[in-house]
Structures are given as C-alpha cells and as structure tokens.
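Novice: Let me begin by handing over the structure; questions about it come next.
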Amino acid sequence: MISESWLPFCISNWWEMRGPGKLEVWKMGFVNYLDALKLQEKLVSDRKLCRIPDTLLSLQHPPTYTLGKRRTDHNLLLPVSELKNIGAELHYTQRGGDITFHGPHQAILYPIISLREIGIGARNYVEKLESTMIELSSLYGVKACAGQKGETGVWVGERKIGAIGVRISYGITSHGLAYNIDPDLKYFKHIVPCGITDKEVTSLRRETATVLPAEEVIQEQLISCFARLFGYSTVTWKENPSMFSDHESID
C-alpha cells in the first residue's frame, strides 16, 4: 500500500524529474555480484520513492552461481567447498526462478522500473524480457523462442540461450535477464540450469553463422531491443558510473 504522506510528493516529483518514456541506462562493465545486489536494493528503494527514473543496469559478473528464493540447493551438482577450485561463488537471492550461472561473456540486464507507471503486469513483463532476447537473437539469424510451460527463459530448439529471474516489490522490478553471448559453458555442467533436467545450454556464438561484433555492440543492441519493446522514447546513458556515488548508505 502507498502511504498518503508521500504520494503527492512522489507524483509531482516524477513529472518534474522525467518525461514519459525516459530510461536511464548504466553501463557498468564487470561488477561483483554482491555489489550489484546491494546497488539494486538501493535503487529499488529510490525508485519506490520516485527519486530516480526507470533505470537499467547493463553489466557482467565474475563466475557466480545464484539461487532464487525457493532455495533449490540440490540443483547445485558439486559441493560448495569445491566452488573456489573452479573460480566461482554462490549467492542466495530473493528473486524468482531456480539456480543459474552468471559469468564473463554474458550480457546481463537488471531493470529497476515501475510496472505501474508503464501499465503492465508481471506476466507481461516477463514476456517482454523474453521478447528482448528473442529479438536480439533474430539480428544474428538465430530463431529463438520462449520456453514451453514450466520452462522459463529463451530457447533455441532444446537449448537454452537466455535466463530470466525477477523480483517485483510494490510494482518495482529488480534482477532480470542473462543472455549467453559466448560464456564458458562448462560452468553450466555443475548445475541443473533453472531446475530443468535433460536440457542443454547454448550461446549466440554457437548458434549463429554470423561473425559476431564486439560484445559491447551486442550489449547495446540488447539494450535497444529492451527500450523499444518497453516503449521508452528517450534513453540516456551513464558510462561506467560510480556505484557508490550518492549511495554511501549501501554499506
């Protein structure tokens, strides 16, 4: 429920702060998973209070396994004590979905946006995230589609190319999508990706016959697909923003 004490302030400041359809993109490069998680929590709080516009974090993580709020530890196929030996970390989150992997050469988007302001529900939101990755794949001649019932994410035949795990709190989103450009797929052999057995994981590099451009170009194309599908008319960019400027209270 929205407190009446700040509702008028929120509405008036929203119109002063941004016009309809504005998205602010933070291009962040490599970010430790816990730092990104803390930043998302701070930005979600700011977005609820209308202190910031809809914001999209574009980044990559060092090798990291994450579990959703269902805590399906059995889908991690090696002891936690052995994760250090393969250069990976494990973190628990409050997002939906099952276990997944994040790592280099993967395009990750974390939208911190107000679903109420853009007028869509949770199911439509997830469908638009799927469409974002499907549209990007099509740019490289790869026919991808949303999963069947019970199969989250985006698939090329029986092979998963993109994962989705989101959290929505009072209409504000966090976490998001991970699209495999060319990650080391061996990391996926240590988990049951998204809890779905007998399925493979793939990448854009494996599926396309096209010579891929620099990863930064692909990441920007993914952002453009996102902005178009969500109807943002204006996109502003922050290159390598300092995560902790104006966020000193994160610690």
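The backbone N, Cα and C atoms fix where each Cβ goes, glycine too.
Pulled the feature table from TrEMBL, pasting it below:
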ACT_SITE  Cys194  active site, acyl-thioester intermediate
BINDING   Arg95, Gly96, Gly97, Asp98, Ile99, Thr100, Phe101, His102, Ala163, Ile164, Gly165, Gly176, Leu177, Ala178  substrate binding site
DOMAIN    50-234  domain 'BPL/LPL catalytic'
SITE      Lys160  site 'Lowers pKa of active site Cys'
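Have a look at these and tell me how they're positioned relative to everything else.
Specialist: Sequence-distant neighbours of Arg95 (substrate binding site): residues of the same chain at least 6 apart with a C-beta under 8 Å from its C-beta are Thr66, Gly68, Lys69, Gly165, Val166, Arg167, Ser174, His175.
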Novice: May I ask which residues of the same chain, at least 6 positions away in sequence, place their Cβ under 8 angstroms from the Cβ of Leu177 (substrate binding site)?
Specialist: Ile108, Leu109, Leu129, Thr132, Met133, Gly162, Ala163, Ile164
Novice: Cα-Cα separation of Ile99 (substrate binding site) and Lys160 (site 'Lowers pKa of active site Cys'), in Å?
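Specialist: Pair distance, Cα basis, whole Å: 14 Å.
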Novice: For Lys160 (site 'Lowers pKa of active site Cys') and Phe101 (substrate binding site), determine the Cα separation and express it in whole Å.
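Specialist: Each residue's Cα considered, Lys160 (site 'Lowers pKa of active site Cys') and Phe101 (substrate binding site) end up 12 Å apart.
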